Amino acid sequence: MSAVSGASRPQSPSALRKGFARLLRSRELGVFVPLLLISIFFAYQSPVFLTEQNLLNLLRQISLLGVMAIGATFVLIASEVDLSVGSVYGLSGIVTGLLITSGVSDYAALGAILVLGFLIGTANGLVTVYGRIPSFIATLGSLYLIRGLTLVITGGQPVTLEFDANADFLRYIAQGIVFGKVSMQVVILAVAAIIGYVLLHRSRFGFEIFAVGGNEKAAQVIGIRTGKVKILAFGIASLTGALCGAVNFGFIESVQPTNGQGLELDVIAAVIIGGTRLGGGQGSILGTLLGVLLIGVLRNGLVLLGVSAFWQTATIGAVVILAALASATLNRKRA
Amino acid sequence: MTPAIHLKNIGKRYGNLWVLRHADFRVDPGTAHALLGENGAGKSTLIKIIAGVHAPSEGTIQIGEADNVSLADAGDAMARGIAVVHQELDLFDNLTVAENIALDSHRKGFFKPARAQMVAEATRVLALLGETSLTPDTPLGQLTTSDKQKVAIAKALGRDAKLIVFDEPTSSLNGHDADQLMELILQIKARSIAIVYVSHKMTEIMRIADQVTVLRDGAVALCAPVTDIDHTQISTAMLGRPAGEIFPERPSAPTDGELALSVKGLAGRNVAGVDFEARKGEVLALAGRPDSGSSETLRLLFGLNAQSAGTISLAGAPYRVRNSRDAVEAGVGYIAADRLREGIMPLQDVLTNVGSVIHLHFGEGGESLRTKSLKAIADLNVKARSPDLPITALSGGNQQKALLARWIAAKPKLLLLDDPTRGVDVGAKQEIYRLIRKLAAGGTTVIYTSSETHELTELADRILLFRDGSIVETFSTVDAETLDHRIAS
């Protein structure tokens with residue numbers, strides 16, 4: 001919620017002090033400080049880290065993770081979880097490729113895949129809400145179901161974007177460069193962050209997500225349609241998965257049907273590191289962005305230092321645990 | 001005068017079962033109407049009809065000038081100026097005070113209100129309560145129950161509520177906070193707002209109510225101005241007969257019996273140095289407000305709360321209790337007030353629930369375990385179609401009897417019961433009273449707490465009154481009205 005305070009301009013010294021006090025209390029600080037420290041460490045250790053080229057590259061690398069993490073933030077704050085987003089990402093790349101290969105325009109393919117993504121999320125939500133089963137189970141099921149269908153559709157073979165395929169728009173949003181150096185993927189992340197921020201922190205729908213995640217029964221009593229809110233949150237999460245799968249296809253131009261396996265865990269890790277409470281009710285877009293950035297900086301910096309990929313994975317694991325411990329300790333102190 | 005609300009000849013039926021029938025309930029602006037009744041008497045049904053949650057099966061509702069109103073849902077009732085301050089407070093710990101006040105499902109538009117606007121609104125409505133110490137930006141989770149309640153009331157006032165229903169508002173407040181709340185309700189009344197006050201605490205009712213309605217078995221058993229009636233009339237109306245007839249005969253208290261329990265300087269959370277003794281076969285009641293230390297004393301004796309000081313001896317031997325296992329093995333039993341979370345094993349059947357203590361702690365198993373458990377079930381008259389049904393299939397009263405059976409099977413020396421009749425119907429209550437007496441006659445010492453004053457005065461041999469973690473008074477005989485005053489003061 002402190003993201004709100006950051007945006008409003010303090011009018012007087014006392015408002016400034018209050019704003020600063022809110023900033024100090026904010027959950028985002030818990031991820032911002034480690035992010036800063038780790039960045040300083042890498043800056044000292046590697047002359048490459050702070051170069052414009054490296055930072056732009058780093059941002060490009062985390063963009064799609066960031067977009068999906070924004071989607072997952074909605075679901076996690078609503079006190080649910082979506083494990084299927086990696087499978088949706090995989091399916092989306094494959095279907096986009098197949099549609100374009102079969103002559104569908106890239107605009108139409110993108111449109112179709114976004115609708116499909118949203119519908120899959122809606123289905124996850126419907127099963128969770130009306131089937132009254134934990135979303136962990138419902139989306140674990142769709143994780144396998146969607147991945148299996150992806151393998152069935154492709155027969156296990158990769159799908160490639162033909163060199164002469166008519167996919168200029170897709171190539172542009174995936175590979176394009178703006179302002180001479182910024183990847184379009186970063187622009188997509190920025191747009192997603194703005195939309196996510198407005199939806200989560202400024203709209204009535206976002207307000208209701210926090211209410212549902214904080215106390216579902218009370219939300220029902222005051223007349224919030226909690227099922228609808230949750231289904232929409234699932235829809236948003238899957239939509240971001242589908243978008244990113246398509247963009248990734250446009251970027252690497254050839255995807256395996258197994259693409260994106262385990263991605264859902266990276267997404268959840270980033271959101272949790274960013275201070276969103278797994279039990280729901282707390283979190284922010286700013287925090288999620290910082291969480292994604294922390295993961296990106298860690299990976300990038302460890303590569304620059306020549307640390308093996310195996311150790312990178314272990315380090316991220318340790319950071320997840322530390323972040324969870326830090327936020328649990330903070331919460332206890334506040335209580 | 002135009003009533004704030006008038007339910008006329010209201011009835012509610014589920015299938016063929018009428019839970020409320022021919023009920024007339026009227027509240028005028030600026031007055032408080034107390035609503036009383038045992039569990040299952042129809043109280044919550046009546047409130048849900050007022051709140052728009054349930055539609056009545058018969059009868060009509062008048063709200064202000066408008067007659068024959070049908071409330072579509074809770075939101076509709078809210079829009080007509082009816083607010084309910086529920087016992088469990090429908091608020092959000094993860095949101096700030098201002099956000100809690102602003103959150104409203106009937107707001108239109110895409111955006112939520114800006115923070116500054118929410119803060120201004122919160123400041124305005126809190127000021128209506130004369131409340132200036134609460135900061136609108138504070139997360140609600142950091143507030144005390146009493147402050148949360150103020151937020152809920154402020155929210156109602158902010159919506160221009162004409163009628164506010166308080167559902168057992170003091171049940172989780174300490175004496176000081178309850179007192180403040182009473183003052184607040186009197187203030188609200190003075191603003192010509194109508195109050196429905198659900199409580200069974202006579203002192204509170206006498207202090208704030210103008211009119212009293214008692215429901216029993218879904219019908220109005222008593223409706224009178226508060227000035228025309230007394231304690232005895234109310235309890236007789238609630239129970240359907242004089243309270244004395246509900247409770248079993250008390251044999252003369254065993255004043256010279258063997259000492260069963262001796263507690264010296266016992267301290268722990270909410271308990272600050274408690275001394276008392278109990279004899280074999282004695283029934284001892286611990287009275288006091290929530291947080292006064294009475295319930296916590298039971299938890300200390302059963303090893304559920306950590307003991308910071310004091311010595312206890314049980315049947316002459318030192319009793320060191322680090323955890324509940326020590327307690328059970330020393331012959332102590334305990335039933336918690338929160339039956340669902342600390343009592344039953346909800347996924348297990350009745351037989352397993354009843355047999356758990358003798359199985360886990362006294363090595364019973366096989367046929368012997370089954371026989372003993374079945375005997376306890378029969379002895380306690382637990383009404384279950386089959387002992388293999390999940391315990392949650394039973395009524396509250398029968399669940400409680402099953403929990404008692406669990407301990408009876410273990411033949412405890414000392415049985416600790418924290419509000420044993422909570423959420424239990426009158427019939428089961430009576431059985432529980434008789435059982436307590438029967439156990440005492442067999443030599444078991446029973447120590448219990450209760451939120452109903454009559455259960456303290458009519459059942460116990462002695463009453464220890466707790467306040468702020470210590471025993472401030474002991475009674476052997478006392479009438480309910482006096483005890484009520486002593487608890488509240």
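Cβ atoms here come from the backbone N, Cα and C positions, even for glycine.
The annotation transmembrane segment is assigned in TrEMBL to A:29-46, A:58-76, A:83-101, A:107-129, A:136-156, A:176-200, A:231-252, A:309-330.
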**OP:** Using Cβ atoms only, state whether the transmembrane segment (A:29-46) and the transmembrane segment (A:309-330) have three or more pairs under 8 Å that are 6 or more apart in sequence.
**Re:** yes
**OP:** Using a Cβ distance cut-off of under 8 Å, indicate which of A:58-76, A:83-101, A:136-156, A:176-200 has the most pairs with the transmembrane segment (A:231-252).
**Re:** A:83-101
Subject >> Candidates A:107-129, A:136-156, A:176-200; stretch with most C-beta pairs under 8 Å toward the transmembrane segment (A:58-76) >> reply: A:176-200
**OP:** Six or more residues out from either end of the transmembrane segment (A:136-156), which same-chain residues have a Cβ under 8 Å from its Cβ atoms?
**Re:** 81-84, 86-88, 90-91, 94-95, 98, 120, 123-124, 127-128, 257-258, 261, 264
**OP:** Grab the same-chain neighbours of the transmembrane segment (A:176-200) for me: Cβ-Cβ under 8 Å, and only residues 6 or more beyond its ends, written as numbers and ranges.
**Re:** 3, 52, 56, 59-60, 62-64, 66-67, 70-71, 73-74, 77, 206, 209, 236, 240, 243, 247, 251, 284-286, 289
